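What TrEMBL annotates here:
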TRANSMEM  17-35  transmembrane segment
DOMAIN    41-263  domain 'Fatty acid desaturase'
TRANSMEM  42-61  transmembrane segment
TRANSMEM  81-98  transmembrane segment
TRANSMEM  161-178  transmembrane segment
TRANSMEM  184-205  transmembrane segment
Amino acid sequence: LAKHPEIKALMKPDYNLVWVVVLMVLAQLTAFYLVKDLDWKWVVFWAYVFGSCISHSMTLAIHEISHNSAFGNSKAMWNRWFGIFANLPLGLPYSISFKRYHMDHHRYLGGDGIDVDIPTNFEGWFFCTPFRKFIWIVLQPFFYAIRPLCINPKPITRLEIINLLAQLAFDVAIYYLWGVKSIFYMLAGSVLGLGLHPISGHFIAEHYMFLKGHETYSYYGPLNLLTFNVGYHNEHHDFPNIPGKSLPLVKKIAAEYYDNLPQYNSWIKVLYDFVMDDTISPYSRMKRQLKGEVKQD
């Protein structure tokens, strides 16, 4: 910032995010209606080909909203309510809890017992062969859901209860209106999209140390178009209050800080290398013993 103070001008809400999320919700509602009378094989097909992409993209929209990118820091509660709305087509309550844990990830990156992005010792010990690592990738959404309860359980908040009740009401309404195939499409899309899916390469690409000494990596490939530029991950951790839309500008303005860092151009290759490289496993993360006062949401 001392060298490039113009970056401060990028620290503002991305109001286009609101309209993009609304359109994504409407797209999924349309899909829920269209699959209700299809054969099961086509429900599964469209859940993976279309629903999974929208669902994973929506989780990254929720990531943006967790940083108050939709309405700004001055309207933090607007972002929380909007996150609950964005959560609806995923089928499972996620937005409010994600925000609480994700802020810990930014404040205490790799913090032992705090950052639940770090796999558990069991994951590192058991998923150590190519086949087991493949299964671990398939089951990633389950580990991301269960891991916080094992590593850093937090008291349930009022907003989390509201998130849960709103999601249950939405799911019941979809079932009542269009039946079990629409519900299956919704839930299967979320599970498949966060598991064995090209976009899921970002889970591993962001912080797994393929090169010792480098714990955060950026990806500059085309899938950033579907993921709100989450691939610009060094830039995001440097400036978490800059919306994803503007992160390419951060890289362009401060190119001397980013261009020479290790980077990826393919999340699919990241997944392949993770499975096949015997030197990489869920243990391949930087873990820190935190000192001093720890403040959590």
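Cβ atoms are placed via backbone N, Cα and C, with glycine included.
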Local confidence of the domain 'Fatty acid desaturase' (41-263) - pLDDT mean: 96
Top partner of the transmembrane segment (42-61) among 81-98, 161-178, 184-205 - counted as Cβ pairs under 8 Å: 184-205
Close approaches to the transmembrane segment (161-178) from elsewhere in its chain (Cβ under 8 angstroms; 6 or more beyond its ends): 32-33, 36, 84, 87-88, 91-97, 186
